[in-house]
Structure formats: C-alpha cells, structure tokens
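Per Swiss-Prot, domain 'TR mART core' is recorded for 375-628. Swiss-Prot lists ARG481, SER506, GLU590 with the feature active site, giving sequence analysis as the kind of evidence.
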Amino acid sequence: MMELITELFDEDTTLPITNLNPKKKIPQIFSVHVDDAIEQPGFRLCTYTSGGDTNRDLKMGDKMMHIVPFTLTAKGSIAKLKGLGPSPINYINSVFTVAMQTMRQYKIDACMLRILKSKTAGQARQIQVIADRLIRSRSGGRYVLLKELWDYDKKYAYILIHRKNVSLEDIPGVPEISTELFTKVESKVGDVYINKDTGAQVTKNEAIAASIAQENDKRSDQAVIVKVKISRRAIAQSQSLESSRFESELFQKYESTAANFNKPATAPLIPEAEEMKLGINSLASKTKAAKIIAEGTANELHYDYKFFSKSEVNEVSEKIKDVILNAIKNEPTTSIKCLEKYAAAVNQFFEEYKDNWLDKHNKTRKGQPDEVWGEITKNAWNAAKTKFLKRMIYSFSGIGAGPMIDITIARDGSKYTPSQKRGIREYCGSGYTDINNLLLGRYNPERYDVMSEKEIESAINNLDSAFENGDRIPEGITVYRAQSMTAPIYEALVKNKVFYFRNFVSTSLTPIIFGRFGITHAGIGLLEPEARNELTVDKNEEGITINPNEIRAYKENPEYVKVQIGWAIDGAHKVNVVYPGSLGIATEAEVILPRGLMVKVNKITDASNNDGTTSNNTKLIQAEVMTTEELTESVIYDGDCLMETGEVVAMTGDIEIEDRVDFASFVSSNVKQKVESSLGIIASCIDITNMPYKFVQG
C-alpha cells in the first residue's frame, strides 16, 4: 500500500509559501497557503541551546535544525497547530522543499520535524514515507532518514534527516545516547546497547532514536513561538492571495521589492495643493454645488413625483439649497463626512413627502387584504426612496468634485522624464490590465490583452521610477476606488483589519464609487442606523450573505462568492503617488497609489439595497494608508498570549522592541472611528458596474 501511495504522489505539488519575517538573514518562519481558508498552517525553523525548551533562531554555523508546525490565524497571530489543511502530504512536500534548500545552503547536517499524529488526518505514516522519498530523490544521496525514529512514539510522528557521511552522535544538537534508557557494553564487534527496561540488545541507531524522542517529548511547541518575530506585511500578503495564479519570476521579483514603495513620502507637495484644498472647502464652491443640485431636485420632485405644483418649484429649490448647504458647510465636498451629512439631509427632506407619496400609491390598490397591502406599500416606499437617494448622491458626487476634475485637466505632468511618462501613459491607457495582472499573479503569457512580459517589465520599471520621482497630494484628501473581492480574502480583511495591495492602485479624487460612471445601484450605506436598517437587504455590516442558490457552489469553492467593495482611502499624502493629469484620462481625476500599499481598515458599512434589483454583499470600507514607519515589519510578540488567548501583546523587559503602530487596532473586531450615524446611506450608493476596470482591478 505504501508503495502505491508513493507512486501516486506528485513531487512537484508544492504550495505557495510566504516568508513571515523577510528581515532575517536566514529565512525561518513561513506560512503555507493550503486552500482558501482564512487560517493557514505554517512552520518555524529553529534550534535548541540545551536539552530543555530553550530555543533560538537559526544562525550561520548551526548543524541541527528543528521544524515546528503552527497555525497562522486570520488575525495574524500564531497558534498551536490545528491541522495541515485538506492535503497534509502537499504541506509536508512544501515544508521539506524549504528545509532541503536551507540545509544545502547553510550546510546544516541534521533536521527534525515533530508533529502530533492527531493533526495529520490519519496520514502520519504516509507523511513519513513521502518524506523518505523526497529526501532520496532530491538530495542526490547526500541525506538519509533515521527510520528507527518513526514508530518510537504513539503521540508524535517524527522525521529526522541527516547528512549520510556524518555520524549522528557527532552532530552538535543531537542528544547523546541516554544512560537512563541504555547500558553501553563493549564487545568484540564494537559497542552494543542494552535496553535497561527489557534487557534486549538494540542497535546504535535505535538507541539514538529513543534518546532523541525522550528529549523532544518533553518540549512544547508553545515554547518555540513565545518570542517569534512576524511581519504584518508578510501576513497581509499571504492572506490577499487567490488560489489560482501564475507566480512567474517577474511576479516574485516585484513582490520582493514592493515594500520599497510604501515608505514615507519624499516627494514635494504638488503645486496644485492649495487650489485643490480651496476647491473642496470654499463656501463659494459648496454654494454652487448646492444650488445646482437643489434646482434639479426640485424639478424632479415636481415632474416625476408630482409632489407639488410648478409654481412652487423655485420655493422648494431654495429650501433644498439651504438644507444641503447647512449640512455640508463645514466639510470638504469630496469627503465621506460631507457625503454622509448630505445623505442624511436629503433622506430627511424626502421623508417630508411620504404622505404625498402614500396618497398617490394608495390610489393603485386593487382590493388586496390590509396585511398584504401593507407589505407591498412598505417595499414600494423603500424602493422609491432608495432610488431617489442613489440619484441624489450620484449627482452630488460629481458636482461636488468638479474642482478636482478642472485641476486635473490643467495638469501637464511635465515633472516626469520621457521614460516615466511612457510608463504612466501605458498604465493609464490600455496596459493597466496586463501590468496589474502580473503583479497580482494572474498574468498568463499565453493569454494576455496587449502587453508581453518584456513590455510589462519595462512599464513597471518606468512606473517604479515615476513613483521615486513622485508627487505628494495635500493632507485631508480622500481618494476612492472599487474592488470585487473573493469571499476568503474579504473574510481575512475583516478579521485582520488590514489589506495589502499587490498592484498599482488606481484611485480617483472624486467619489466615483457612487455612480459617476454608471447608474447608481448601491446607495443606502450612509444613513443613520434606523433609516438604513429599513433599506438594506443583508442587515449585516461585516459579514457575507450566501443566497440559497449559492450555498452548494460556495461550499465547493468559497471563491465563487464575490464581495463588491467601495474604498474610501485617507492618508494618501503619506506616500509618494503619481498624479498623471493630462498624461492619463484627466476627467477621471486619477491618482495612482504605489504597489505594495498597506491600508488599515477603520470602518466597514453594509451597502446592500433593493431599488427593484437586489444588490447583496456590497460594502463601503473606510481605510487609511499605513507606511513602513507606522507599520512595524518585525515586532516581538508574546507567544503565550497568542496561542492561549489570541491576544497580540508586544514583549517587554530585556527584549528590544522596535517602534510600531499599535497592532491591537489591526486585529480588534471592535475598531471604531467617530463617524456620523448616517454613513449607512452613502455606503449603499456604491456603484461599480460601469466603472473603468483599473479602478476596480485587484
């Protein structure tokens, strides 16, 4: 049976592996992407300094290495191993691929994996057999397994690899043969060992195996990860991967350099900064926007809804203008706060005409029972109000952002070099799909849109150069983009409260997520809770809704379910950006954020709605750019707390702690930001249906 298993095993089935501490000279803590679950197994490489639990990182010159499996939780913490995923054998294959590379590169003589048999899905022996085959086929005969250790312990499965031409007892870190277990007897054929309990003679390898197991049975996995260092960026990278991708050499090249572009801004403030701030903050621009919207709204309420006579249009228009202006007067017109206050005011205004609407609606009744008619009336009113609010927010999103579009049209992009301009034009034109697909691990050289790999490499290099040259937008500006995200990646985002963008991030200075490029279809998320609760359909802020007809497909493949996200991102002033102006499509008011960007999630709002067509799983996410200065790449955390409670606590005392952002704000499910309760209305106005793909790709 074992021979059959090894024949069926595919040696090339390795899984994606992420180095969770890229700062280490010797990579030694990894996550393994086994499936689309939000918790993934990982492993740490380490060594022991004595016969007890005292362990440390691998260093140059070490000869004995230990592999300790663990689970990487969705919160980014390390916990005791819960399982190896659906294919423990593929996990082991991936682990030993890394182990063999490490042993060869750093001249390590022995390596041991100890794993609880209860976590192997009944495949402990198969795992040992597979490891034996891997070592024999990949080491060129230089390494062998100590098979005498396989069946020593009922609780653990042991796998020990050692260099063939080195005696085990001579390797530093391998325990001496235990005098508690064995008596050494000299004989004519050499030393023999007698088991003190049974009196039976055993081979030297059997005595070594028993001594190794005796020492390691006392060790706890908990002690190994008490002082482990992990990278927030690497965790986010591993959790933002889709299961189907093409990890080419170029993908790996650019993945390894992405953090370079998430550093604090070095570019000078753009010349248009003051004009930009004035355009969205001046009373004149707000009055102009309020007047335009009020006139259009008054006419709509007269002609479409027949709420009042034509002679009252001007009076109603003035009233609407005053209501809007009073709501938004203290907020920048492109900010979420402004849109939120505007939405609340418009909602309240429309409610004043509910009796008028009901009078017209009740005239259409055709003898339905009161209970039935009441439900019909409720649904019809909600749909009518939803449709109205979405149109209103759509209008304000475009008109209030008018100054941003005018400024962008006038910008010439002359600060960039010819090659940088070429890269920007290629990205803003038709090349962004292939460029970002390569960075996302989706690019297939046999099926691409317009650019070959060589052309993409040139474009990315030119864009990277443009970011180094770069622009810096003023503080207090919110940029917007949309994204269609698979359910597993979204769930990791919710748990971890951080998201990693592998690709260049196309955003707009205008609130394009509320329908600027199409008919608004998701607009109720900015309302106060009571009003929003009436209009949303999911009734679920952060969770995912699985419709009955999707349950089977979701169980078979969680990536089947997509979540539509509207991003409102603050803090873009913290990093170098590219502001293309006339080098791109100026009416889009595009600002490109760098690849490798990390954002902290501050607020997730349910944006689902039904205005005649149901839109499930639509979310408004408010986030903030985090630079490498704010987000520590490697911090020491208390492993005891991580494993026992899931709480992330930085180590103190004699251990040097690097400057860092408070990680509790990333993992807490109760992250709160002071926002107006009307946020719900705006969220449901998110519309990404007809948006240019570069503002959605990710």
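Each residue, glycine too, has its Cβ placed from N, Cα and C.
Location within the structure of each feature annotated in Swiss-Prot.
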residue	record	CB count, 10 Å
ARG481	active site	26
SER506	active site	26
GLU590	active site	28
Inter-residue C-alpha distance, SER506 (active site) and GLU590 (active site) (nearest angstrom): 7
Local confidence of the prediction over the domain 'TR mART core' (375-628), expressed as mean pLDDT: 89
Pairwise Cα distance for ARG481 (active site)/GLU590 (active site) [Å, integer]: 10
